[in-house]
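**Q** Submitted below is the structure of interest, expressed as structure tokens.
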Amino acid sequence: MLSALRTAGALSTRRLASTQAIASNSEAPKGIATTGTPFLNPSSKAEYALARLDDVMNLAQRGSIWPLTFGLACCAVEMMHFAAPRYDMDRYGVVFRASPRQADLIFVAGTVTNKMAPALRRIYDQMPEAKWVISMGSCANGGGYYHYAYSVLRGCDRVIPVDIYVPGCPPTAEALLYGVLQLQKKIKRKREAQLWYRR
């Protein structure tokens, strides 16, 4: 028993020593603590500052997502459930906007027809930059039940770029909430300032 404790103590001491050696050999600038972010390149103070700037910008963007509702069919009812008190989208910073010029996210919910496709593209183009799209339901994802109809667009991704697909017919409000949380994770990984610096 005593020898097992000594062996375990020796192993933990070796691990601690190797961790300290790795930390001392890293090329982090003096006075700057590494935080474990995947975008940190400690070779430059400017890159460190831009990584922190990206973190702050991403925190602000993912904490205040303003979606535009583009409800075309029965999936829009589940989008309304998402706004109701049971799921309380406001606690995630999601507030519906009525104008595309004030929105940074669009929920495409329902069947997109060929005649509606130009309007969808026009609305998407009116949104300011840093814009995202959540395609909600099988009809918006790929045509769904009406896939082979002559007047149906087989997925809104043929007209606008889609960031998150929420499956279901219709998807539940929990599924839409999960899609919003996945979008927040995607926003958290953005690194615009660092890419600008490296150009």
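For all residues, glycine too, the Cβ spot is worked out from N, Cα and C.
Okay, so Swiss-Prot annotates it like this:
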| type | residues | note |
| --- | --- | --- |
| BINDING | CYS74, CYS75, CYS139, CYS169 | [4Fe-4S] cluster binding site |
| TRANSIT | 1-16 | transit peptide |
**Q** Looking only at Cβ atoms, how many others are within 10 Å of the one on CYS75 ([4Fe-4S] cluster binding site)?
**A** 26
**Q** Rank the binding-site residues CYS74, CYS139, CYS169 by the number of other Cβ atoms within 10 Å of each Cβ and report the first-ranked residue.
**A** CYS139
**Q** For CYS74 ([4Fe-4S] cluster binding site), what is the secondary structure by DSSP, using just helix, strand and coil?
**A** coil
**Q** Give the three-state DSSP assignment (helix, strand or coil) for CYS139 ([4Fe-4S] cluster binding site).
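**A** In three-state terms, CYS139 ([4Fe-4S] cluster binding site) counts as helix.
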